[in-house]
Every structure is written in C-alpha cells, then in structure tokens.
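Comments concern the structure below.
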Amino acid sequence: MEDSLDTRLYPEPSLSQVGSWRVSSLPSGSPQLPSPTGPSLETARAHILALGPQQLLAQDEEGDTLLHLFAARGLRWAAYAAAEVLQMYRQLDIREHKGKTPLLVAAAANQPLIVEDLLSLGAEPNATDHQGRSVLHVAATYGLPGVLSAVFKSGIQVDLEARDFEGLTPLHTAVLALNAAMLPASVCPRMQNSQARDRLTCVQMLLQMGASHTSQEIKSNKTILHLAVQAANPTLVQLLLGLPRGDLRAFVNMKAHGNTALHMAAALPPGPPQEAIVRHLLAAGADPTLRNLENEQPVHLLRPGPGPEGLRQLLKRSRTAPPGLSS
C-alpha cells in the first residue's frame with residue numbers, strides 16, 4: 001500500500017509500561033495510557049487521520065488492513081486510533097483472507113491490551129474465522145491466559161459453548177492443547193513446562209467463566225474428562241473430578257460412542273498414570289458394570305499380562321462392592 005503509516009513511530013510498549021496500565025481502572029472511552037517514552041495516543045490519532053479512510057480501509061493481497069497489521073505487531077496506540085476510524089465506518093470487524101477480524105489477529109498475537117481496546121470500541125466478540133474459531137478458541141489453542149483475562153474483564157457476553165468447524169468448544173480446545181503440551185517433545189523441558197502451565201490456566205479460566213464441563217464434542221461425543229483420560233493425564237482428571245458443580249456421578253459415567261471414561265482408562269497402557277486415573281474415577285463414582293457398544297465392561301479392556309493385574313482385581317471387586325467403597 002502506498003503512503004502507508006510509518007509504524008516505526010509506534011514502538012511496542014515495554015513491560016514496565018504495560019504493567020502500569022490497569023484494566024479495572026479504565027472509564028468508558030479512550031484508554032488511560034501510561035506516559036510512554038514515545039508518541040502518545042493523540043500523536044497516533046493525528047497520523048491516522050492524515051491517512052484518511054480510503055487508506056485505512058484498503059486491504060493488501062492477503063486482505064489485511066492497517067488495523068490488522070497494527071494488531072499483529074502489538075502497536076497499541078496506532079491500533080486504537082485506526083480502530084476509532086473503522087468504527088465510524090462500521091468496519092471494525094473487517095476480515096482478512098483467512099476470515100480473521102482485527103480482534104482475532106490481536107488475540108493470536110497475544111496482545112491482550114489491544115483485545116481489550118477493540119472490545120471496548122465495539123468489536124464483535126463472537127466473530128469467527130474460516131475455521132469457525134472465536135477469540136476464545138484462539139486463546140485456548142495457543143494457551144494465552146492474558147487474552148482470556150482481557151475478554152473476561154471486558155464484561156462483554158461471549159459464547160462459551162460456540163463450536164468451531166471441528167465441533168469443539170473453547171474448553172475442548174484448551175484441554176486438547178494442554179494434552180499436546182504435556183506429550184514428550186523435542187522442545188526444551190522449561191519451554192514445555194511453561195506451555196503446559198499457561199494452557200492449564202486457560203482450562204481453569206474457561207471453567208471459571210462458566211464453560212460447561214459436560215459439553216460433548218460433535219465427532220465422537222467426548223467430554224473434557226474423556227479427552228483428559230485418553231491423554232493419560234491424571235493431574236487434569238483429578239482437577240475435573242474436583243469441580244464443585246453438577247452431578248459428579250452422572251458426569252463421570254457419561255458415554256462417548258458407548259465408552260465411559262473408565263472404559264478409556266482401562267484401555268490405556270499399563271503404568272502409574274493408568275492406575276492413578278482408574279482410582280480417581282472409581283472414587284468419583286465411575287460404574288465398572290457399565291458396558292460399551294461391544295458389550296464390554298472396563299475390566300475387559302485391560303491389556304493382557306501381569307502389569308495391570310492389580311487393576312483387574314480392583315475392577316472386579318468394584319463390580320460387587322457398594323458404591324463409594326472401591327479403593
């Protein structure tokens with residue numbers, strides 16, 4: 001694009017500048033900006049207004065406007081000034097070639113302040129890209145608790161049960177992302193631990209925001225408990241079984257194409273994670289007498305050999321013990 005704004009005028013805020021800004025203290029209207037060592041919001045507004053609406057609405061070969069580019073680079077002052085103009089032309093949700101609005105671009109770039117600004121200016125909070133992913137899906141996919149916090153603090157209603165084109169809610173997406181971060185990988189352990197921590201935080205935040213833990217993904221009817229068990233993640237299983245709402249026994253015995261979480265746990269490779277998960281499920285009221293579509297009980301899905309023999313005896317005892325007495 002010709003005569004585009006020189007984005008070098010709008011450096012990304014330093015951590016100290018970001019830290020001095022507080023969402024909770026904002027009134028409606030323009031954000032209260034710290035005193036940065038660089039251009040102010042008024043300076044950004046002057047440059048944006050000088051460009052005129054034609055250049056602000058122009059899209060490059062990938063469909064990006066200047067607002068998309070500012071959001072992607074974390075150029076907050078320029079993004080806010082550009083968004084004000086696009087708001088006047090009802091183009092705040094203009095899409096690039098993958099269907100991403102500036103809000104979705106800001107979320108993917110992990111720019112929670114810009115996410116907060118765009119929402120305050122009227123960006124559509126439930127907009128989705130060409131994969132059906134909302135701002136919550138994006139934050140869940142990449143493990144971005146700051147973005148989730150920005151959405152939550154905005155006070156704007158968002159659809160926590162929205163489905164992407166894979167049939168996943170943001171909570172399903174967050175659990176799958178957490179499971180992936182905990183798999184053995186070539187990345188350094190410190191980076192892997194950081195990813196897992198952020199993604200676990202996203203799971204917890206979505207639950208606190210009111211996401212339904214009983215929602216089933218469309219393709220195979222799995223709940224987040226099934227997904228956690230399938231990934232042999234005893235820590236997450238224990239967290240989900242400790243949720244303080246709903247009928248725990250009904251939740252733990254929900255079926256995904258005929259299989260309960262206990263069926264899936266019994267089919268895991270033998271080892272400490274499997275044993276911990278089976279014990280957690282039984283303690284929460286999992287019914288070892290339920291059968292799947294192949295008429296199998298969980299005990300029938302244990303792998304042969306001496307490894308799972310202790311679990312075999314436990315499941316057999318639990319089939320005849322009164323509820324709550326299995327151990």
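Numbering starts at 1 and runs along the chain as it is shown here.
Just so you know, glycine gets a Cβ as well, placed from its N, Cα and C.
Pulled from Swiss-Prot:
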type: REGION; residues: 1-40; note: region 'Disordered'
type: COMPBIAS; residues: 14-23; note: compositional bias 'Polar residues'
type: REPEAT; residues: 62-97; note: repeat 'ANK 1'
type: REPEAT; residues: 98-127; note: repeat 'ANK 2'
type: REPEAT; residues: 131-160; note: repeat 'ANK 3'
type: REPEAT; residues: 166-215; note: repeat 'ANK 4'
type: REPEAT; residues: 220-250; note: repeat 'ANK 5'
type: REPEAT; residues: 257-290; note: repeat 'ANK 6'
type: REGION; residues: 293-327; note: region 'Disordered'
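Confidence across the repeat 'ANK 4' (166-215), taken as the mean pLDDT and rounded to a whole number, stands at 88. When Cβ-Cβ distances below 8 Å are used as the criterion, the repeat 'ANK 5' (220-250) is approached by residues 171-172, 175-176, 178-179, 182-183, 200, 203-204, 207, 213-214, 256-257, 259, 261, 264-265, 268-269, 273-274, 276-277, 280-281, 283-285 of the same chain, each at least six residues removed from its ends. DSSP labels the residues of the repeat 'ANK 3' (131-160) in these numbers: 18 helix, 0 strand, 12 coil. Panel annotation: around the repeat 'ANK 6' (257-290), residues 220-221, 223, 225-226, 229-230, 232-234, 237-238, 241, 248-249, 296-303, 305, 307-308, 310-311, 314-315, 318-319, 323-324, 326-327 of the same chain, lying at least six beyond its termini, place a Cβ under 8 Å from a Cβ of the stretch. Across the repeat 'ANK 2' (98-127), the DSSP tally of helix, strand and coil residues reads 16 helix, 0 strand, 14 coil.
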